[in-house]
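Notes follow the structure.
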Amino acid sequence: MISTLLIIDAMNLVRRIYAVQQKQHGDTPTALIATQSTTTNALKKLLRIHQPTHAICVFDSHAPSWRHQIYPEYKQGRKPIPELLKQGLPAIQEQFFDLGIDSLVTEEDEADDLIACLADKIAKQQQKCIIVSTDKGFYQLLNESIQLYDYFQNSFVIRQQVHQKMGISIQQLNDYWAITGISSSAIKGVEGIGSKGALSLLQQYGSLNNIFQQAEDSNNKLLTKIKSQQSNAILAKQLVTLKTDIKLGFNLKDLRYTDSTD
């Protein structure tokens, strides 16, 4: 029997729900209470839809990560989590636990890396994993075993659709972001080359390494920019690539889900 692990990108879900309540109620206890209730109902719905054998909610610790250590500008300019919501997270985690779902958070690792590590381990065991998030960074993980589900659109992100939309393969995504950067995370990439230029280079040469090789002896304007900012591209790729080698300290059996409402 194939197991199905449901991984909730908890802050991705909670912050979007809180943003809706915040518009209606401001940063008030009413907004927090509504968020707690709505988030719990969302989790119930996800469990009902996907019928997982295993499940976990992964939270960010909000502490500086290894990405901040090698690139201090990482995520500069992002709005911090509202203090009221931050104070309410333990109660949300407790509600998740009451539904039979544990929460995972560590001081050393970002939630995205923890999620990637969990998903990778499941895929290597030929089991099924469903990540619930709107974060495009998880596109790089998509394969036969790992799926991405957008709760707010009530739909899966399909690999073929990503390919058609982006114009490149899943395997080329990190090379693409290494060139274009990711503005929402303040990752610069190669200045002067946007989406169109990055696509052109990857469609022609296939990979970032091949682009570097071609740039060595070329007068092409795009390749010249790549050559002069090669270190930026290498750093950007390191930043956008999710880690899958974190020692978690637990096994899949520890995440088994049993419906506590029965």
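Using the three backbone atoms N, Cα and C, a Cβ is placed for every residue, glycine included.
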If I go by Swiss-Prot, which of I179, I211 binds K(+) at the same site as V190, I193? I179
Annotated region 'Interaction with DNA' segment (source Swiss-Prot; candidates 72-77, 192-197, 228-233): 192-197
Neighbouring CB atoms within 10 angstroms of the CB of I179 (K(+) binding site), all protein chains considered, total 26
For the binding-site residues listed here (V190, I193), which one has the lowest count of neighbouring CB atoms within 10 Å of its own CB? I193
To the nearest whole angstrom, state the Cα distance for the pair D112 (Mg(2+) binding site) and V190 (K(+) binding site). 23
Grab the same-chain neighbours of the region 'Interaction with DNA' (192-197) for me: Cβ-Cβ under 8 Å, and only residues 6 or more beyond its ends, written as numbers and ranges. 179-180, 222, 225-226
